[in-house]
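Reading through the structure tokens given below for one structure.
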Amino acid sequence: RLITTMYMFIFVSLCFLGAKLNAETECIAQTSEFKKKGDYLLGGLFDHVRGTLHSNIPVAPLFMMDLIPMVRLISSLFYGASSSVFSRKQNFPSFLRTVHTNEDVIEIIWKLLKEFNWNWVAFLYIDDDYGRDGLNVFIKKIKDTEICMAFSCGLSKNTNYPKLFKQIESLRVKVMVVFTAEWTAEDLINSAIQQNVTNKVWIAVDAWSLHKGLPKKAGIRNIGTVLGIAEGKVTIPGFNDFIYSFKAQIQYENEEQDSFCNQMCNCSSLSAEDIITADPSFNFPVYSAVYAVAHALHAVLQCGADSCNKDIKVYPNLVLNELKKLNFTLLKQTVQFDKNGDPKFGSYDIVFWNEGGDAERIGSYTFHPKITHFKIDKSKIHWHGDKKPESFSSEECPEGYMKKQEGFHKCSFSCKICPKGTYVNTTDPYNCISCKDTEWSKEGSTSCTARLLEYVSFSDPAAIVIMIGTVILLVLTVAISILFALNNNTPVVRSAGGPMCFLVLGCISLCSISVFFCFGKATTVFCMLRYFPVILFGSVCLACFAVRSFQIICIFKIFDKLPMLRSYWTKYYGSCLIICLVFFIQAAQLISGIIVSPPTPYPDTLSYSDRFILRCYILKNHKASSGSLSLLFLLLFLTFFFSYASKNLPKHYNEARALSFCMLHQILIWIIFATGYTLYHGKYLQVFSALATLLSLYSFLIKYFIPKCYIIIFKPEQNTQQYFQDLILTYSTQSPYSL
């Protein structure tokens, strides 16, 4: 029974092949014409057929099962309809096919366009559901790719081809994808020959790529090069013998034919040679469809080698379930369906219409669930004019230039050179990508180069000199501290500030620590120690000098007029209170700034293009940093103001005068540094910073402490109580500011 059924299926396939050869052939079969229970239909069920694929949704033969008329579920195995809509299982739950979908055909077309670098194409399609589905699939496929659809047009019997070709020519399109049926392709190609269209590339889909007449038509060579996609040809053993045998049987009476296939097929006008030489594209899909049904029935009926279980009732859903689970090999081809009812495996041939009028195989595309394989032998293609046509809207930009889209199509663009610090690559040709902070590039670059990190190392000669100077400063500070400690009760030490001198000398030593962290590669710790000791302990130093200069002016000019002020100043330790207040305010500002946003190194990429220097944010918190620096400058200004106001004190009682010169030097040093910081941005900027810090610390020693050391060591006669009292008495009696 199964063998008889298979012959019935193969017989009906002849009607389909005949329909491809004879436009007047009609194969009409409705389910009502099936006369025997358990008969199966393979073929027919056309909406209307006047030639190959000429229906609202062009189809090849459709297999349906109507095993039990009462069951509404109708399973169908459809091997000719490639429209993607049939993959929607919510709409077509029982639809299966043995030909590949439009998505697969468009995938191969896309591969061809990429292979030959054609990105400006026209898409011509038959104006029906099949063609519009191909158009939609193509649009989705080329989205977000380099390929642009310059023009699309639905073709019908009313198409104005002269106007169509003028539009294509005006757009400078050289490549046309023709997604249509045979009769539409015939009209298109014939019109192209008549309109003298030349040097185009025509990409034919499987519906007409193996056309027997067009490749041999006069003038076909002038229109350009025709590349096509065709179902892979699989030779079916014994097919030719069966055709000859069938054509002999078809001479019998109608009742004999009826009992053979149960269909009305007027195929008598076709010879066996006509059928054998017809387009073999669908031979294997028909053949595999028959075997798929046979395998499904074999499984449902629990058939063995010799017999089947006759007690099993066959329902459509049982056959459908078995069809979905099929996985068998036929003529070295794997037959299996995916979840959408589409074939998992298969292959397409890439063909070229050669000068002999044949569709020559030049490549293939093999489908597999895990990997696909595309290959093409370009040497077999003989281009019209002996040169591969180029199809683009705008010429490719030179290296280092970005594409700036002009108008609607992304393929229409102008070229703009990428500025320095950016680059453009093939991944995103429409944007100049900024280099990283640690990279650089010249104008018009396609990649970035790592910047050279520059910093002053500890072995740099400038760093060595400054560090030696810092060590000398520390030695002098320790020596002065020892000298002052040994002469702590002498008038010179007491007039210099007494215990306050040791606080100042200690702060100077702590400030000098910052100098060592101005060298080497900047880190978060280095950034903190590079500035915070100078700001904090420098503020304490200035607070001490400000208090001391205020005390001097009060002693000589204010306390005698305001004795209560002297009483409060002495009673509440005014000098200590102010110094401690300055310390805690400055410390609070610095600590809060560190907590909120720790100082971190940042790459200076603006000063130089090919290298960068790690610099430090003193404080990212602008409020804290501005507060700390404002307090520092306020103390500097007050110290200078009070000391300058005391400039006319006794000549040898020179603390105020020394402080005035010291503060003046401080101001000049940092003004010079600020000017250099603005004008110079090289790696030695930190050397200037370290030098400015060191010079400012030296100015404290040289202008304030060294003169007192000189008196202690070389002029001990001036380091007596009587000498100082005489100076004060002389100033009190002679000064115009005396009371």
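Cβ coordinates are placed from backbone N, Cα and C, and glycine is handled just like the others.
Features of the protein shown, as given by TrEMBL:
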SIGNAL    1-23  signal peptide
TRANSMEM  462-486  transmembrane segment
DOMAIN    462-728  domain 'G-protein coupled receptors family 3 profile'
TRANSMEM  498-522  transmembrane segment
TRANSMEM  534-560  transmembrane segment
TRANSMEM  572-596  transmembrane segment
TRANSMEM  627-646  transmembrane segment
TRANSMEM  658-680  transmembrane segment
TRANSMEM  686-706  transmembrane segment
Which of 498-522, 572-596, 627-646, 658-680, 686-706 contacts the transmembrane segment (462-486) most, counting Cβ pairs under 8 Å:
498-522
Sequence-remote contacts (6 or more beyond its ends) of the transmembrane segment (498-522), Cβ cut-off under 8 Å?
453, 455-458, 460, 463, 466-467, 470, 473-474, 477-478, 480-481, 484-485, 488, 529-534, 537-538, 540-541, 544-545, 547-548, 575, 579, 601, 614-616, 686-687, 689-690, 693-694, 697, 700-701, 705
Are there residues at least six beyond either end of the transmembrane segment (658-680) with Cβ under 8 Å to its Cβ atoms? List them, or say none.
545, 548-549, 636, 639-640, 642-644, 647, 688-689, 692, 695-696, 699-700, 703-704, 707
Below 8 angstroms Cβ to Cβ, which residues of this chain, lying six or more residues outside the transmembrane segment (627-646), approach it?
535, 538-539, 542-543, 545-546, 549-550, 552-553, 556-557, 582, 585-586, 589-590, 593, 619, 656-657, 659-660, 662-664, 666-667
Model confidence over the domain 'G-protein coupled receptors family 3 profile' (462-728), averaged pLDDT:
83
